[in-house]
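Asker: So Swiss-Prot lists the following for this protein:
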CARBOHYD  57  N-linked glycosylation site
COMPBIAS  213-258  compositional bias 'Basic and acidic residues'
REGION    213-285  region 'Disordered'
REPEAT    216-227  repeat '1-2'
REGION    266-304  region '3 X approximate repeats'
COMPBIAS  355-381  compositional bias 'Basic and acidic residues'
REGION    355-420  region 'Disordered'
COMPBIAS  382-402  compositional bias 'Acidic residues'
COMPBIAS  403-420  compositional bias 'Basic and acidic residues'
């Protein structure tokens with residue numbers, strides 16, 4: 001049947017458009033670091049007096065999918081970095097909150113990361129640093145071989161609460177998109193490159209509130225509770241004469257030397273060897289305990305100190321975004337930041353930025369690696385002796401550093417990293 005055109009059709013179309021507009025997400029902040037970005041961001045003077053403040057470069061990096069798609073990149077080794085931007089203050093109460101950004105570690109990062117922070121209240125952007133109070137932190141965290149995870153912290157009542165779940169992060173030298181979503185039902189999700197890597201409950205995965213249930217402190221294990229899983233086998237008896245078996249016996253193959261003189265050398269005795277019959281102290285075999293009741297556990301009761309917070313997910317004041325980090329090796333590049341209440345909108349933003357260029361960036365990286373390998377191969381034998389000397393020097397330096405670290409009790413790089 002044909003659809004009749006007219007006023008009813010027009011009204012339906014308008015209602016459909018109105019419905020789409022009603023569910024469209026709100027963007028609180030968006031940054032692609034295009035021309036004019038410096039007017040929106042404030043570089044902190046944190047650590048400047050100590051000559052430890054690093055400079056940011058506006059660049060697309062050594063390899064990229066689009067030379068015109070630039071971000072901000074750390075440029076100096078062993079430096080602190082801090083920069084922030086302000087946006088209209090809002091609260092995520094009764095709404096979803098999405099924080100998303102892209103990051104690329106061109107330097108093949110082995111220790112570091114980068115705190116991307118949401119802050120509220122009054123912040124002096126010129127002094128923003130490691131001690132500045134914040135509401136939310138999300139970052140990929142890499143610490144040598146031990147830590148390679150997405151580091152997420154929520155601050156409530158002045159206390160910083162680290163997520164209790166380990167979510168692996170990307171560790172290569174390409175751009176990756178990290179998304180942190182908090183919902184009004186107190187659930188959250190962590191996405192990497194638009195793929196959900198972890199989801200769960202804020203109640204369960206952060207120790208923001210006391211536990212709802214606790215072990216009953218008054219409960220006692222019953223005296224007749226049998227928690228021995230195995231018991232000695234009453235049927236197993238020690239063989240007669242077992243304790244008389246010697247641990248060692250004279251070597252039956254040993255012969256008295258022909259030139260042995262009993263008067264001068266003393267009475268000859270054969271050397272001993274382990275006795276193959278000796279089995280060590282006798283131990284009674286164990287069997288399953290037929291009366292085993294399991295490990296006793298105190299029953300759980302309601303925690304009298306627990307007080308629910310229906311707005312555990314919410315932050316009353318979100319007004320700034322900051323990037324703050326310490327870098328042993330510089331080269332980390334941040335780009336394409338968005339703060340919104342619509343996960344679908346954030347996903348589209350990622351696809352239109354990172355997604356559009358990821359294949360070209362991978363090709364550029366592969367080409368750069370191939371060129372580097374060819375250049376290294378071209379040097380050939382001329383550098384082999386030098387390389388060997390360098391390796392020996394590096395090994396000696398590592399040994400010296402290990403000795404120094406053993407004395408200090410802590411690696412100096414880790415001290416810098418831990419300072420953050």
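Using the three backbone atoms N, Cα and C, a Cβ is placed for every residue, glycine included.
Because the structure is a prediction, the values reported are computed rather than measured.
Tell me about the setting of these features in this model.
Answerer: The C-beta environment of residue 57 (N-linked glycosylation site), restricted to residues of the same chain at least 6 apart in sequence and closer than 8 Å, consists of 72, 73, 74, 75. Secondary structure at residue 57 (N-linked glycosylation site), taken from DSSP and collapsed to helix, strand or coil, is strand.
Applying DSSP to the region 'Disordered' (213-285) sorts its residues as follows: 7 helix, 12 strand, 54 coil.
Sequence-distant contacts of the repeat '1-2' (216-227) (same chain, at least 6 residues past either end, Cβ-Cβ under 8 Å): 289, 291-296, 298-301.
If you look at the region '3 X approximate repeats' (266-304), the same-chain residues 6 or more away from its ends with a CB under 8 A from one of its CBs are 210-217, 219, 221-222, 225-233, 236, 238-239, 242-243, 245-252, 254, 256-257, 260.
Residues in the compositional bias 'Basic and acidic residues' (355-381) partition by DSSP class (helix H, G, I; strand E, B; coil) as 27 helix, 0 strand, 0 coil.
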Asker: Mean pLDDT, the region '3 X approximate repeats' (266-304)?
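Answerer: The predicted confidence over the region '3 X approximate repeats' (266-304), as a mean pLDDT, is 94.
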